[in-house]
């Protein structure tokens with residue numbers, strides 16, 4: 001069967017149409033494979049999802065690591081953080097095993113008080129037992145004939161520098177006097193003066209008492225006169241006991257002569273204080289009373 005001319009023409013037109021439409025269909029198929037999602041989104045936009053990343057941004061889950069690796073990295077970051085914290089604590093000195101003892105706050109030092117008078121120092125040291133103890137040590141050394149050892153102790157006390165030198169010298173003088181080493185006592189006394197240390201009333205009184213207790217009465221009167229010339233006066237016990245020793249050894253007239261010598265040096269007898277002292281020491285030898293008041297004890301106005 002031979003096709004008609006109309007059929008041939010129709011077939012040619014269909015073939016031509018097929019040749020034209022085939023590339024466009026293939027192109028459409030090509031586009032659909034590469035950008036199909038874009039065409040779909042433009043035509044039918046999807047429903048919004050929570051935390052959906054914007055277009056062009058990398059999703060946080062695009063390179064998700066395995067759970068084991070995530071746990072390892074998490075532990076590593078925590079360790080790094082804790083190490084940094086530890087270093088900061090170490091710098092600040094916190095949580096250390098061996099803590100340093102905190103230093104006490106330093107306050108500005110107050111100025112030292114002015115030095116006390118030597119007489120006041122003597123009084124406090126006698127009350128505290130320091131001078132008696134020093135004298136006892138020196139006295140024991142001197143009585144045992146250990147004068148060199150006593151002088152070494154004396155030098156050691158001086159080198160310490162914590163006690164005024166007049167106190168140390170006087171303690172040595174008193175120790176020698178109690179050991180009846182009067183020449184050594186006088187030598188130390190003169191050494192004190194030669195070194196520029198002025199004896200005080202206590203120093204003179206110690207030496208005068210040591211002298212009249214050893215019956216060295218002329219020296220006792222001489223040092224008592226020197227004491228007055230230096231601006232010091234013997235106290236009542238020293239004066240009365242010196243007069244009593246003079247009366248016992250040399251008689252009343254010699255005692256009265258010594259009193260007159262002291263009066264010429266500026267010594268004034270405190271009658272009331274002397275009477276009170278002698279009454280407390282009663283019965284006191286009448287010769288001393290007579291030498292001081294120039295009258296017999298029976299004539300005393302009580």
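Keep in mind that glycine also has a Cβ here, set from the backbone N, Cα and C atoms.
Taken from Swiss-Prot, the feature compositional bias 'Polar residues' covers 26-40. Under the heading compositional bias 'Basic and acidic residues', Swiss-Prot lists 54-67. According to Swiss-Prot, the region 'Disordered' annotation covers 26-82, 94-116. Per Swiss-Prot, the feature repeat 'PPR 1' maps to 130-164. Taken from Swiss-Prot, the feature repeat 'PPR 2' covers 165-199. Taken from Swiss-Prot, the feature repeat 'PPR 3' applies to 200-234. Marked as repeat 'PPR 4' by Swiss-Prot: 235-269.
Across the repeat 'PPR 2' (165-199), the DSSP tally of helix, strand and coil residues reads 27 helix, 0 strand, 8 coil. Sequence-distant contacts of the repeat 'PPR 4' (235-269) (same chain, at least 6 residues past either end, Cβ-Cβ under 8 Å): 201, 205, 208-209, 212-213, 215, 217, 220-221, 224-225, 228-229, 277-278, 284-285, 287-288, 290-292, 294. Sequence-distant contacts of the repeat 'PPR 3' (200-234) (same chain, six or more residues past either end, CB-CB distance under 8 Å): 118-119, 122, 166, 169-170, 173-174, 176-178, 180, 182, 185-186, 189, 192, 241-242, 245-246, 249-250, 258, 261-262, 265-267. In the predicted structure, the repeat 'PPR 1' (130-164) carries a mean pLDDT of 66.
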